[in-house]
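**Student:** Here's a structure for you.
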Amino acid sequence: MSMLCYTLIIAFLIGTWAAPKSEDNVPLGSPATSDLSDTSCAQTHEGLKTSRNTDQRHPAPKKAEDQELGSVANIIVDPKLFQKRRFQSSRVLFSTQPPPLSRDEQSVEFLDNEDTLNRNIRAKRENHPVHNQGEHSVCDSVSDWVIKTTATDIRGNVVTVMEDINLNNEVYKQYFFETKCRNPSPNPVQSECRGIDSRLWNSYCTTTQTFVRALTMEGNQASWRFIRIDTACVCVIIRKTDNF
């Protein structure tokens, strides 16, 4: 019985050694290995071609700086921002061309036209000084439409003011009508007000500011904010105490 078991074991081992070897155990340089190498190379080559074609169809994304510059240069604004009348101001104008300035005692009127967003506003500004029947201003001032890039908001923070906006595929500029003293001087003596009795009063002309709603940038979105602009040149008088 034991001899029969030994005979079966020996026959099993001989059959195992004589069986063909699998691809995993094929030695290097054999035909099977060559076929596998050729197949792997072909698949790798196809993968490279596919990746190159994919790169051509989908170019690499732009740098963050380039994207930021592009967004700032072409900011698209929702027309709904201009539908609320409370956001409109006679000192803020959106136009595709520079607005006219008043000259020779003529007022400026902004009529309804295709180049102006403030179509419901008819603002009248007078250039100073105005001499009419011997009337003179206490302080000489000058007015002009200006473009602002930064300003101070109502909270005292410096904000970015939108210079150009894209609305319905049209590029508009944001203008501000500012009025300031004609010849500002840090020395109050050199900027005395006209017509003030210097024996009783010290006086000087100074530019005052007020708040207007302007379109500003908040992150990547446009929003309305109150900003400070120059609006008048006024006279400040101080009573002299030496004579009292």
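Using the three backbone atoms N, Cα and C, a Cβ is placed for every residue, glycine included.
These numbers come from a predicted model, not from an experiment.
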**Student:** With CYS235 as one half of a disulfide in Swiss-Prot, pick the other half from CYS181, CYS193.
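**Tutor:** Its disulfide partner, as Swiss-Prot records it, is CYS193.
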**Student:** Rounded to the nearest Å, what's the C-alpha distance separating CYS139 (disulfide bond) and CYS235 (disulfide bond)? Just drop the number here, would you?
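**Tutor:** About 6 Å separate the Cα atoms of these two residues.
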**Student:** Within 10 Å of the Cβ of CYS205 (disulfide bond), how many other Cβ atoms can you find? Include all protein chains, please.
**Tutor:** 25
**Student:** State the three-class DSSP label for CYS233 (disulfide bond), counting H, G and I as helix, E and B as strand, and everything else as coil.
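**Tutor:** Reduced to three states, the DSSP call for CYS233 (disulfide bond) is strand.
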**Student:** Does anything in the same chain, at least 6 positions from CYS193 (disulfide bond), have a Cβ under 8 Å from its Cβ, and if so what?
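**Tutor:** Set apart from CYS193 (disulfide bond) by at least 6 residues yet with Cβ under 8 Å, we have VAL138, CYS139, SER203, TYR204, CYS205, CYS235, VAL236, ILE237.
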**Student:** Are there residues of the same chain, six or more positions away from CYS181 (disulfide bond), whose CB falls under 8 angstroms from its CB, and which are they?
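**Tutor:** Correct list: CYS139, ASP140, SER141, VAL142, SER191, CYS205, THR206, THR207, CYS233.
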